[in-house]
Amino acid sequence: MSALTIPAARRTLNNAPIIDAANGKTPTRTPVWFMRQAGRSLPEYKKVREGISMLDSCFMPELLAEITLQPVRRHDVDAAILFSDIVVPLRAAGVGVEIVAGRGPVLDAPVRSREDVLNLPILEGNVPEVEQGIGIILDELSDSQALIGFAGAPFTLASYLVEGGPSKNHEKTKAMMHGDPETWHALMARLVPTIVNSLKSQIDAGIDAMQLFDSWAGFLTERDYTEFVLPYSTEILEEVGKYQLPRIHFGVGTGELLGAMSKAGSEVMGVDWRVPLDKAAERIAAVSGPKVLQGNLDPALLFAGRAPLTKEIERIKAEAQTAIDAGHATGHIFNLGHGVLPNTVAEDITEAVSIIHS
């Protein structure tokens, strides 16, 4: 894989709380952004997406920029997260995939054999539609508002490819891992350049940070994660690390994997709501030393009302500070422990951001 270079045109941020926290500096306020902050919780999102498929919208520069910016305008979050989907790199590479309403990504042809792996297209270059959208986004963001890019981690993409779509148990995926490990490792290795080139495209266009998102890693044992997944996520984060921008690593239900995942090399570790932040920090620091924490409000608590919401936010902030004071963490970025739920009231998200910033 060719060496990556730092884009000469990358903008200079000034007092950007997300980036300061990610770099272990003291931010001007508690930084916050929410996974899936751009989406169905916003009426303006539903309006602009009407009649346009999810994947198509990810390849329309003006539309993806508008959707990315909507929550920044409305909620005063400290970062925009690029509106996209984890299967966008697959579609850009030429893989037949659609996002089916009510189900999720569905592949035209599952990958089940060594021949299937060898025939899987690789994303060789940049994604111009996404780069154009990023340019539009950066024109509106202030120099204190970060733009976070992202990509799906190789295990999650591999699971979609092997299962042919979403799976409750990932039985075909695990069967390939253990029953045909040679094919499994070949598939993971083949996904690496597609993911790296997707992130490279975003970085070339000017993103300020990135997140590697492993939706399904929580279904794995630590042993399986370490043997079958970690080497490939590590390779991706190492390649992106040459760009010298903050890297966030997050997986759902990964409390028992935090130590193993931290070995992949990100500066920031995302934590879901099932693990107290100070305990998560201990698990991470014991393996990889202190890192910046991201998280970890239960998305359902956005429905609870101001008083209980405030109590939970204060608890999470206190846990983060406990971890920092103990030398187990170097900073904290507030986020949910997963994505914003589609039926969340937009005004409740705005209120949560205000409480976090206060």
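Every residue gets a Cβ built from N, Cα and C, even glycine.
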Worksheet entry | Site co-member for substrate according to Swiss-Prot, given Arg36, Gln37, Ala38, Gly39, Arg40, Asp85, Tyr160, His338, out of Ser215, Ser233, Ser262, Ser266 | Ser215
Item to complete: For Tyr160 (substrate binding site), name the DSSP secondary structure in the helix/strand/coil scheme.
Response: helix
Worksheet item: Around Arg40 (substrate binding site), which residues of its chain at least 6 apart sit with Cβ under 8 Å of its Cβ?
Response: Lys46, Pro342, Asn343
